[in-house]
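Going by TrEMBL, these are the annotated features:
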- 58-76: transmembrane segment (TRANSMEM)
- 88-108: transmembrane segment (TRANSMEM)
- 151-171: transmembrane segment (TRANSMEM)
- 192-213: transmembrane segment (TRANSMEM)
- 219-238: transmembrane segment (TRANSMEM)
- 250-266: transmembrane segment (TRANSMEM)
- 278-295: transmembrane segment (TRANSMEM)
Amino acid sequence: MAVDIQPACLGLYCGKTLLFKNGSTEIYGECGVCPRGQRTNAQKYCQPCTETPELYDWLYLGFMAMLPLVLHWFFIEWYSGKKSSSALFQHITALFECSMAAIITLLVSDPVGVLYIRSCRVLMLSDWYTMLYNPSPDYITTVHCTHEAVYPLYTIVFIYYAFCLVLMMLLRPLLVKKIACGLGKSDRFKSIYAALYFFPILTVLQAVGGGLLYYAFPYIILVLSLVTLAVYMSASEIENCCDLLVRKKRLIVLFSHWLLHAYGIISISRVDKLEQDLPLLALVPTPALFYLFTAKFTEPSRILSEGANGH
């Protein structure tokens, strides 16, 4: 195969784009930025992203997809009030919005019209921050080679958030106006207003810390799910198994946290060796059992009552 000989390509993410191919002859352009959907290989040639995302990549995308849903549910519960019958319908609507946004995002991603994506494999943390690795050969002129080396794991999250926001603005106000009769006019739309705040925050978080989140999200899930479960059980004054069975809502919260525990464990282990990693899922109920066994020593109800009295 005949390949044209050109000067070496500088920079970690600069590459040469294929301009012409005729049989065994390939002609490449000058060293520069790779087109969207391609990244450089070891020989500094831009190659199309044709791989299938790994399990860990899908788990990362699932985590980023869960963030707005969990925040939706939190603010719906926070502002709906204990006696409001609209909370359940709003929860279901939020789930529908995020699910439809995820499906639409996959359908509009390459390849278009199917529920799977092609991607480039993540090799190291710097793949997420190619803008920091633009070379300056003469220390004056900068060769801009910024592109999405982790295609499409970086931009697909922004597309998903955009669809979530659009669907929320189309569906939620109509639903809230119809069924949230138990709330005052000023309280009905507070969960929607909250979303208008946390979506920009999530967008900035992905833009700045996407690479860090990619490597840290399993531990973030485990830590946050443990902390929120402990806070919820103490605030609800759950001190034994009977307290858990009093309300169905408590069991739903418990099982939801168990799912998050399992999600975090699977993400950390990546299920590389199935027979060794699956037994780790037996640890999922451990935090809740530990709390129930030790609650009688800490007496969270007494701590809450003293805090309310200002002591």
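Just so it is clear, glycine is given a Cβ too, placed from its N, Cα and C backbone atoms.
Where the annotation comes from TrEMBL, it is an automatic prediction and has not been curated.
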Does the transmembrane segment (219-238) come close to the transmembrane segment (278-295), meaning at least 3 CB pairs under 8 Å for residues 6 or more apart?
yes
Surrounding residues of the transmembrane segment (192-213) on its own chain - C-beta under 8 Å, 6+ positions past either end:
60, 63-64, 67-68, 71-72, 75, 79, 125-129, 150, 153-154, 157-158, 161, 164-165, 168-169, 172-173, 176, 220
Which range out of 58-76, 151-171, 219-238, 250-266 gives the transmembrane segment (88-108) the most CB pairs under 8 Å?
151-171
With the transmembrane segment (219-238) as the reference, which stretch in 58-76, 151-171, 250-266 has the largest tally of C-beta pairs below 8 Å?
250-266
Are there residues at least 6 beyond the ends of the transmembrane segment (58-76) whose Cβ is under 8 Å from a Cβ of it, and what are they?
87, 90-91, 94-95, 97-98, 102, 153, 156-157, 160-161, 164, 168, 190-191, 194-195, 198-199, 202, 206, 213-214, 217-218, 220-221, 263, 266-267
